[in-house]
Amino acid sequence: MSDVFNTPHARRTITQALGLTNVSDRTQDWLLPEPWNPPMDPIKNSQEAAEYLQRNQYRMLKPRAIPENTPLDTSELFPHLAEFVGSGAFGTSTLVPAGSTEYIPRYYPTHKPEHNKPTPFGHYDVALLKQMTYQLTNGKDNPEEEGTTFRQFRDTIVEQQYGSGTSQGQLARLVAMKEVATGRNPNKSPKELGLSMEEIATMLEQTLPIGQPGGDEGWPSLTTTLSELLNPAEGMDYLPHITMKSSSGLPFIGKTKGETVTSALAICDTFLREVSECVKEGAMASDNQKLQKLLQDYWYLSCGLLFPKAERYEKKAWLTKTRNIWSAPFPTHLLLSTISWPIMNSSKNNILNVPECVSLYGFNPFSGGMDAVVTNILAQPDETLFLIYADNIYIYMDRTWFSIDLEKGEANATPEHAQAVSYYLLTRGWTQDDGSPAFNATWATIAMMIAPSLVVDSSCLFMNLQLKTYGQGSGNAWTFLINHTLSTILVGKWIEAGQPNPRSKEFMDLEAATGINFKIEREIEGLPTRLQEAMDKAVHTGFLGDGTTNPPEKEGPTVDLDLLGWSATYSRHMDMWVPVLDKERLLSSAAYPKGLENKDLKGKPGAEIAYKIVRNEALLMVGGWNYPLIARSLMANTSAARNNLRQKGVPLDTLTRDWEKMTEFSDIFEDLPIDTKLEVTSEFLQRLNLRGERKQPNVNKHHLRTKGLKKCVSALKQGACRNPTTVAGLKLTAYSKSRINKAKAVFDEINNLPKTESDDWSDRMDDADRLMKANNLYMREARSALEDVHNSLLALSGETVKAKTPQEKSTEKVSNPVVGYRLPAERATGVQHALLGVGVSRPSEGALTKNARKMKKRREKARGINH
C-alpha cells in the first residue's frame, strides 16, 4: 500500500473513522481484511444430507428413474422446422429421454468459496476500499460523516461474503420452508378460506390487471404444440422469452437451455399430445387416473434442481442460510411461460398508468416513479393507501409507513393458489374480443390440472436425493404470480377485517386466519413529517442539488421506504423525489462485485476492465451520487479504468453496447432513456429521473368493472360477484357462439346503415338509440359467453393431478451412491432392493422397458392437438 496511508494524518483519520486503537505501524496490516476462509461444510455427502433431513423430519422420496437420452433426427421430430435445420439454427440431431435403459439422476451443487480453497471468486473490491481510504484522508468537508460511511463500508466487507453458501445452508433453508408451510400457521387453500377461483380473479383484476396476450399486436391462441409457435417461412417466433445461458435442468443436467431448445420442444410436444389424448378420452377432474399415469411417466417435469443462489450473505449465517433456486426442467418452464409470458409481457399495468391500481408490477422508481408514490402520500396524508408486488406489501395508514414481507413467501403457496393464477390468466387474458376462449381443452387441462402440481408441493433434486418441496419452488416461471396472489388474498382479508393497524393483534391474527406468514420489515412513524424534513434539509450542491457534475457537499437525507429496496431523496434542482438504493444494499453491492453478468463478453480483451467501468457507473446511478465519499471514489476508479482501456487501444463502446446486461441492476435499467456513452453526469441523472411517457395500459375490456380493491372486497362479501357453480362444459356451446355471432351481426348491420342527414334532433337520437341497443346486446352476449368459460374452468378446479411418489425413510437406501450410476431400466425404475443389488445385467438387445415402449409410441405419433 502507498506510504500516503502511513502518514500521521492519514493514520489518525482512518483510526478515528474505524474507532481503532493499539494498531500496528503498517496501515495495510489492519486496514485491508484478509480473504475470508469460510468454515467447513458439515454436509459432505448424500448420506450426511439424508441424516440431517431425517433428524429434521423432512420428507425424502424413493428415487425415480429417467430413460436415457437418445439422439433422434431433428427433421423427423419437426418436419415443419426443416428450414431451421438446413440453416444451422437447429442441430441435425435432438436428444430426448427415450432410451431402452433408465438412470436415476444426480446433481451436486457447487459452493464457492470453500474452506481452505483460496480463490479470487467472491473477493471484495480492494480497489474501491483503497480509493475510499485515499479520498477520506484527503477530504476536507464533513470528516465525521464521511468517516461513518467509510466505517460502514469496511464493516460490510468484514461481516459479509459473496458466494453460494453451503450444503448445510441449503438444507437448513428447506427445513425452514417446511416449518412455514406446516408449522404454527399451516398453509390454507383458497377453498379453506371460502374463496372461489372467480372471487380471487375478481380481486386480481384490481391488484394485477391484465389484458390479452401480445397487446395490440395480437398473439396465436393456445391451441397448438409449442414447436408450431415457430414459423420459419414468416420468420415468426411466438415462444416465450428464454435465457439461453441458464441451466436446462432435468432431464439435461449440465446443459444450458440454449443447448437443449429442440429437446425441450420435443418433450413439450409429446406431452401435449398425450394430454390431448387423455382429454379426448374424458379425463376430467372427476376421473383423472389417465392423467395421473401420464405424470408418473413424466415425473421429472415436476422435479427442479436445488441450486444455491449466489448472494451476499452474512458470514455468521454461512452454515445456516443459503437461498435455494428451484431450477425448473426446461420443458416445464416452457409450458408455464407459454401460458403466462405473452400476457404479462404486454400487461405492464401499475399505479403509474391505471387509476386506483395498487400493483407495482412493471413499476420503475426512475422516470418519476418514486416521485409519483411520494407525492400521492403527501397529497392525502390522512388516507390509508397500500401497494402490492409479489410477496411485498406496503401499507400507509395513521401517517405511518409499513413495509411487510411474506415470510419465506414461496413456502406459503398451495397448488390451489397456482390454480387460481391459471384461472385468472385464462379468463382475463386468453379471451377473444367476442368473449370466447383463446385456448382449447388441452391447454385448459394443462393450466388448471397439471401446471400447479408441477411447481407447487412438487419435488427437488439435491445430490442424488429426491426430496419433497414444500410450497412453490423459488424461481419457477410463476413465482411472481403465485406470490402476488398470496399477497392479494392477505390484503383482501385485511380489508374484510376492517383494515386493522399492522401493529395490532387483529392484524397479526391474519396469519392464522389465512395460513400466510408475514413479518413487518420496516416501520416509519410520522411519514409526512419525515418527508418534509428531508425536503427542508435537501442538499444545495452536487449532481441533483444544483445541477453540476460533482458530488454533493454532504449526504442528502433519505427516507428509507424499502420500496422494492429503494429509498427516496429530494432533488432541489429537479424539484422532485428521486430514488436511491437503500444505503445498506448500496454498500453491500459496492463491497462485493458479482462479476461480469454478460457471459457473452467473458474472455474478450478488455471485458473485465469494461465491467469495472459499468459497475462503478451503475453504482453511481442507483444512489452512489448521493454520498460524497462513495461518489468521489467511484468517479476516480472509473476514470482510471477508462484510461487503462484507452491505453490498451480497446474502444469502450464495442464492449458496452449492451452494458445493462453487464450489471446486476439490468432489470431496473430496462426501457430507461440511457445512452450508450454511459457516463454519469448531472444531465444523465436528470434524464434518468424525468417523468417519462407512461405506457398505455393493456386491460381486458370485459372486466375491471369494480374500481378499487376495497369496493371489490365489499362486493364479494355481499355475494355480488359470485358466479353460479353449475358446470357448463369446457367449450363454449354452439348456442353460445351463435348468440354472440348473431348479436355481432346485428351491431354491424346497424352500424353500416346510412346515417340520417336530417337536422331533426329526434331522428339523430333514433340512430344513436339503435346503435346503443345493438352494442348493449353484443356486450351482454359476450359477457355471457365469458361466464360460460368461467363455469367450464370451475369444473377443472378440483384437486390438481400429480405424480404420487412413496416416501423413503431409510437414509442408507435413499443416499446409496449406486443410485447415481446408470443402470438397466428393469432394475433402476425406483426399486430399492434392485438398486442395492450386486452387478449389472443389461436387458437383451432390442428389449425395451414399458416406459421406453411408451416413449417410442409417442415419437411415432404425428397427430397434432385439435381438440
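Heads up, the Cβ atoms here are built off N, Cα and C, so glycines get one too.
As stated in Swiss-Prot, the feature region 'Disordered' covers range 845-867 out of the listed 109-131, 546-568, 845-867. Of all the binding-site residues listed (Gly249, Pro251, Gly254), Gly254 has the fewest other CB atoms within 10 A of its CB. When the binding-site residues Leu250, Ile253 are compared by the number of other C-beta atoms lying within 10 angstroms of their own C-beta, Ile253 comes out lowest.
In the three-state DSSP scheme, Thr256 (GTP binding site) is classed as strand.
Sequence-ordered, the extra residues of this chain that approach the GTP site, with Cβ no more than 8 Å from the Cβ center of Gly249, Leu250, Pro251, Phe252, Ile253, Gly254, Lys255, Thr256, are Ser247, Ser248, Thr260, Leu305, Pro329, Phe330.
A C-beta separation below 8 Å, combined with a sequence spacing of at least six in one chain, links Lys255 (GTP binding site) to Ser247, Ser248.
Counting every protein chain shown, the number of other Cβ atoms lying within 10 Å of the Cβ of Phe252 (GTP binding site) is 23. Non-local contacts of Thr256 (GTP binding site) by the CB criterion (under 8 A, 6+ apart in sequence, same chain) comprise Met244, Lys245, Ser246, Ser247, Ser248.
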